[in-house]
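Some features that TrEMBL has for this protein:
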- GLU67: active site, proton acceptor (ACT_SITE)
- TYR14, GLU74, GLU83, TYR84, HIS85, LYS92, ASP93: ATP binding site (BINDING)
- GLU67: substrate binding site (BINDING)
- GLU74: divalent metal cation binding site (BINDING)
- 5-23: transmembrane segment (TRANSMEM)
- 29-46: transmembrane segment (TRANSMEM)
- 93-115: transmembrane segment (TRANSMEM)
Amino acid sequence: MLQALWKFICGFGYAFRGIWILIRSQRNAQVHCLAIAVVLFFGWLLDINTNEWLAVSLISVVVLALEAVNTAIESIVDLVSPEYHPLAGRAKDVAAGAVLIAAIGALIIAAIIVWPRLAHLIAG
């Protein structure tokens with residue numbers, strides 16, 4: 001029982017290490033984190049409601065999670081296929097495309113939530 005609990009706790013350590021590796025090594029993850037920080041700041045500044053916070057939080061998590069999966073796929077593909085192979089390239093491109101789809105969705109959601117309030121604030 002104690003050993004199972006220890007393994008469970010260690011699993012969190014590995015997961016946090018993975019997040020740290022992602023943020024330290026992946027420029028796009030850093031850009032996503034910066035974008036999320038900006039949106040969170042504007043959400044706070046513009047006093048968005050609970051449902052809007054839910055949408056912003058959910059899409060932010062989706063983007064970062066997909067960036068992590070993309071990074072893992074790229075690492076595995078590079079390990080298995082160090083030389084170029086069309087299927088390896090396809091796998092990496094599709095994974096990157098998934099991140100792009102989520103990031104575009106995040107931009108749309110942020111614009112829908114933040115832009116009207118920001119425009120109203122600027123207009124006075």
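Including glycine, each Cβ sits where the backbone N, Cα and C put it.
Keep in mind that this is a model prediction, so the values were computed, not measured.
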Check your understanding: Can you tell me the three-state DSSP label for HIS85 (ATP binding site)?
Key -> coil
Exercise for review: Mind checking which residues of the chain, 6+ beyond the ends of the transmembrane segment (93-115), have their Cβ under 8 Å from one of its Cβ atoms?
Suggested key: 28, 32, 35, 39, 42-43, 46, 48, 52, 55-56, 59-60, 62-63, 66-67, 69-70, 73-74
Revision key, fill the gap. Taking only the CA atoms, the spacing between LYS92 (ATP binding site) and GLU67 (active site, proton acceptor), expressed in whole angstrom, is 12
Review point. For the recorded positions GLU67, GLU74, GLU83, ASP93, which Cβ has the most other Cβ atoms within 10 Å, all shown protein chains included?
Key: GLU67
Practice item. Provide, as an integer number of angstrom, the distance between the C-alpha atoms of GLU67 (active site, proton acceptor) and GLU83 (ATP binding site). Key: 23
Practice item. Return the single residue from the binding-site residues list (HIS85, LYS92) that has the minimum number of other CB atoms within 10 Å. Key: HIS85
Exercise for review: Going by DSSP, give the three-state secondary structure for ASP93 (ATP binding site).
Suggested key: helix
Study note, to complete from the structure: Longest inter-residue Cα distance for the ATP binders TYR14, GLU74, GLU83, TYR84, HIS85, LYS92, ASP93, rounded to the nearest angstrom, is 31
